[in-house]
Amino acid sequence: MERSRHPRRPEPVRRSTVSQTHAAASPAPARIRDTRWWGFGLYALISLVHVAALTFDLEPISYPTKLLLMPALALAVIWALRGSLRSTPATLLLAAIAFSWLGDGAAFFFPFLADELPAMLLCFGIAHVLYIWLFLRPVARRPFAPWSLVYAAWWIGMMLLLWPSLGALAIPVAVYGLVLGGTAAASTRGSALTAVGGAFFLASDSILAVRLFLDGGFSEMLAGPWIMITYTIGQGLLALGIVRLLRHR
């Protein structure tokens, strides 16, 4: 008699239960992905503190925070690219940031030099060459933007403006200007983010050049904050844009 009874059917697994279980397990990777960009927030915070200290002439704060800018940006890049740091583009980007750091702190890193300006120009020149290298090959996504020809006009204009005041530095500054304009133009081969970053970086160098070489140019109190506002935005957008390009290759 027992065999004649219908066997009890197992209850079907509800799709909603499976979906809820999967949903409960998925937020962790999503949260991990979201944290990849937190380092750029720290960089932005240090940049704001530094610019504010410059604006209000708080040298005990402005000096050390200037030396923290590029290490913070490097940490942001390392955190965002963790797992793929051994690639050539990542190495080039971190090297560009490292040479920018040496340029930022030329007086600190090269105290044995009577004038730190040549060392600063050399370090930033190397950083710019590394950025150009990145945009010409590893992170290039499109041709040069047609409007990037404006940077040729920028170079001609800057040379006409500064040449009478450059003296023995005329040729080195002219070559350096070509490298600066080259970085800005090459950055248009990446993305809109890198193109904007390249433009801000060039604006920073332009203000600095006028302050350094042009008699009656910007005063230190006026130029300092604007140099660093445009510099920190430029470097940050270049690094962020390159990281995004590398992560979506």
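For all residues, glycine too, the Cβ spot is worked out from N, Cα and C.
TrEMBL lists 1-23 with the feature region 'Disordered'. Annotation comment: TrEMBL describes 1-14 as compositional bias 'Basic and acidic residues'. Taken from TrEMBL, the feature transmembrane segment applies to 37-56, 68-85, 92-113, 119-136, 143-163, 169-186, 193-214, 226-246.
For the transmembrane segment (68-85), the most Cβ-contacting stretch among 37-56, 92-113, 169-186, 226-246 is 37-56 (pairs under 8 Å). Counting residues 6+ beyond its ends, the transmembrane segment (169-186) has Cβ neighbours under 8 Å at 121, 125, 128-129, 131-132, 135-136, 144, 148, 151-152, 154-155, 158-159, 162-163, 198-199, 201-202, 205, 209, 213 in the same chain. Remote same-chain residues near the transmembrane segment (37-56) are listed as 62, 65-66, 68-69, 72-73, 75-80, 224-225, 228-229, 232-233, 236, 239-240 (criterion: CB distance under 8 Å, separation of at least six residues from the stretch ends).
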